[in-house]
Amino acid sequence: MLKGEDLRLLYDSEVDTTTVVVANHSSQGQESNSGGSQLPSVTPQPSLSQQQSVPSGQPQYWSQPSFASPQFSEQPQSSISHAEDKSSKVQESDLSGTAYVHVNVMLPLDVINIDCELVDPDELRKKLQKLKSANVDGVMVDCWWGIIERHAPQQYNWSGYRSLFQIVRDLDLKLQVVMSFHECGGNVGDDVQIPLPQWVAEIGEGNPDIFFRDRERRHNPECLTWGVDEERVLSGRTALEVYFEFMRSFRVEFDEFFKGGIISEIEIGLGPCGELRYPSYPEKLGWDWEYPRIGEFQCYDRYLSKSLKTAAEEGGHPSTWESGPENAGSYNSRPDETEYFRDGGEYDSDYGRFFLNWYSQVLVDHGDRLPGIHWLYQTASHAAELTAGFYNTSNHDGYTRIATMLMEHGAALNFTCVELRTRVQNEESPEALADPEALVRQVFNAAWDVTIRVACENALPCYNRESYDKILENAKLPNNPEERRISAFTYLRLSSVLMLEQNFTEFEQFVKRMHGEALSGPE
């Protein structure tokens, strides 16, 4: 795992700041967040008292959510009716004078091409000027490993990013920068293809166990398995060393943007779609997974298999516990079709609890960001969460454990799917038993209970009042004390659709409400 102390070595020794990142972010799952992703995300941050004394202009390092819920049911893009508007829990008139919530906008996934060139800088500048006119605080961009270290180990090309950062600085916007160590392409919202570096793919051809594998031993080249975090399988380096040296190169290259306070956040993506989860529901590999099925456990590469075997041996357990469950179904199973996930199934047996504790501890140890796995939330086993690595069932709270880990690293939590309504999801796909609202409440409360700060993102593009009202409802919970409020929101994403007059007017009103400003005149 990418440890907090490793990041502190990088940032505390080279940057005059009081915060560090332990997070991941990126572009897939729900709508790709890369370029923006989502975090659900996480980055180390100072305590609340420390944050109050951070000098103006010093970067704050967050981790972010990502978009982790595949094939969500999109809400209509047209304006909602007057009756629906009146029923909203958040009224525009109530938000004037409320706490300021920073609003950032994710840039398009293709803003930098595969040759590390800034695409159409003049048009981008016009769009950023328009965002600035709406008082947006900053923008988010992915720094893709597969672009920057594309051809050979430790040969980095940052040229396109320098051009982009200069435009952002000229417009006096802030930068959220995502270190994206996964591939982009094939997930919801991905309109570009950015693979892992060529030299990593070549290593993977000879040793596919550097990637996650499912029970059928099929490997997923979307990102490296967490099993190689400390294995020297990447031309003599461990995965942690590769990540560290990539980020050190970034820190040196863009020193002036740190010192000038332009870079306000850094997020580190270390899982599929940049999210802290296993790639349990792949959408693009022809493995037949469909929303809202349970997915599969992903722990069958040689390195994670060795870890499980060691855990069983050290615990004095029988040899039958040294591998994953045999009766957990396949990608497209329903929980009640499996002996493992059905109500009262093996997931709650002695072996089941041992395996799920080990599986989720690997994720916790890797320590980054939480995606919105809200489908099948209303089942006892929460099967979709279990295969993704979150040991969260009706009798086991999996998110407090993760929030506590983040608190110990001084991290903040950035979560996604805050615009989704349970009613709409269940109307569109009743078999999903989805409850995104309950999931958001559980995760936010887990974070607030251990006094870590929370930021959020939307999972799918949204342009309508109903979606914005739901975001505001989550961001500005009435009667909540200041320490149980959202501190920042990242909007997915800058596009030609957002720039349409009606959509942009609605967005401007949303930004004002997030900033706690009074709305001027009739809408």
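Each residue, glycine too, has its Cβ placed from N, Cα and C.
In TrEMBL this protein carries:
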- Glu275: active site, proton donor (ACT_SITE)
- Glu457: active site, proton acceptor (ACT_SITE)
- 26-60: compositional bias 'Low complexity' (COMPBIAS)
- 61-81: compositional bias 'Polar residues' (COMPBIAS)
- 82-91: compositional bias 'Basic and acidic residues' (COMPBIAS)
- 21-91: region 'Disordered' (REGION)
- 314-339: region 'Disordered' (REGION)
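Here the region 'Disordered' (314-339) has, by DSSP, the following mix of helix, strand and coil residues: 7 helix, 0 strand, 19 coil.
Scoring each of the active-site residues (Glu275, Glu457) by how many neighbouring Cβ atoms lie within 10 Å, the top position goes to Glu275. In the three-state DSSP scheme, the residue listed as 'active site, proton donor' falls into the coil class. Annotated pair Glu457 (active site, proton acceptor) and the residue listed as 'active site, proton donor', C-alpha to C-alpha distance, rounded: 13 Å.
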